[in-house]
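One structure below.
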Amino acid sequence: MRRRLAEEARRSDLVGLAERHGTPLLVLDADRVASQLLELRRQLPGVEIHVALKALPHPALIRAVDAFGASFDVASRGELDLLEGEGVDLSRCVHTHPVKSVAELTGAYLRGVRTFVVDDAGEVDKFAGLPPDARVLVRLSFPNPDAAADLSAKFGVAPEAARELVEHCLRAGRQVAGFTFHVGSQTTSAEPWRRAITRTLQLMRDLEGRLGVEFDTLDLGGGFPVAYDEPVPALAVIAHGIRDALSAVPARYRVLVEPGRFVAAPAMTLVTRVVGSATRPDGRWVHLDDGVYGAYSNIPAEGVHALVFAASELAHRPPADEDAERAVRRVRELAYAPVTLAGPTCDSVDVIARSLRLPRLVAGDLLVSPMMGAYTSATATRFNGIEPTPIHVLVRDEQGVAH
């Protein structure tokens, strides 16, 4: 990871960008969005990609996704505003929030959205004034305690209760396009998808036979994992199991996925600066100009263990053939020691990491955090009057050099 990050830091001139634009600074590389989408397409051929805009609602990501030919999963009027401003065809989007006001629902329909998610009869009743081409996907609940965030408690109907909801839709004259689910954030095994796909297909076959309906859409949601400070299986490993389960899908079905973190996280890198440091009873504290109320908001909100490197570590790239003795000497020269990293606010909970081993740091030193595209700027606040971290979008010249 350090060797790869060092190379990326040099290619993107992160230190130079920080000096020119100031810190804290989020650096967005739209090429990484495209590469993640390409990997999804390779591993799940024939599956429609609808990127969850909530992870990184930024015009550069929108343009990259649209240029790739993928679409979006949206959940609010504000997200539709962003997409419309970039010229996205909203008729291809899926509105995935199961609970919506009538105004939100009607507004989305009038702007071209035709597929909506529901998980309760009361939500179906809100469609009463809409034309019949407003179709619904019924969200199912599949608990997954092993996920970083199990989303089954707040949303979704149990599969055994789904028939009643589908019948309610039919009585209301509302077409049910199919079903959707979400196996949970950062799911590191194919098994939850395999179970959910198998159970959902059984349900669809049963309801088609009993009710005489014909479904056409199966939405697998998101949850594809990315590596922060813990390794995760490659997408190829997880996708193999998903493809296995999808072999039973009828040819007439559309299959959708809604990746958010998987597409967004690798696309942004955070550069921060040391503001000051102090020795306290529990050890050395280093205070940065960004924290958990800013770009590191993914730490309390998502339980992420953010990767943090000192710029000095990246400048001292270890050679590929480095032996143990030279490695020890290099580490000694950098004077690694455990520190607590704190953010810039006056709140004592504004702590980024504890007991993190980093080289000697003084005021003005730079730190780099990769994998900071998902649920960072999107969930940042203005607490203490501190503005959210600005985003610099990389532009590459004809030689491929990023600026």
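The backbone N, Cα and C atoms fix where each Cβ goes, and this holds for glycine too.
Taken straight from TrEMBL:
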- 32-265: domain 'Orn/DAP/Arg decarboxylase 2 N-terminal' (DOMAIN)
- LYS54: N6-(pyridoxal phosphate)lysine (MOD_RES)
- CYS346: active site, proton donor (ACT_SITE)
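The distance from the Cα of the residue listed as 'N6-(pyridoxal phosphate)lysine' to the Cα of the residue listed as 'active site, proton donor' comes to 28 Å. Under the three-state DSSP scheme, LYS54 (N6-(pyridoxal phosphate)lysine) falls in the helix class. A coil conformation is recorded for CYS346 (active site, proton donor) in the three-state DSSP classification, outside any helix or strand.
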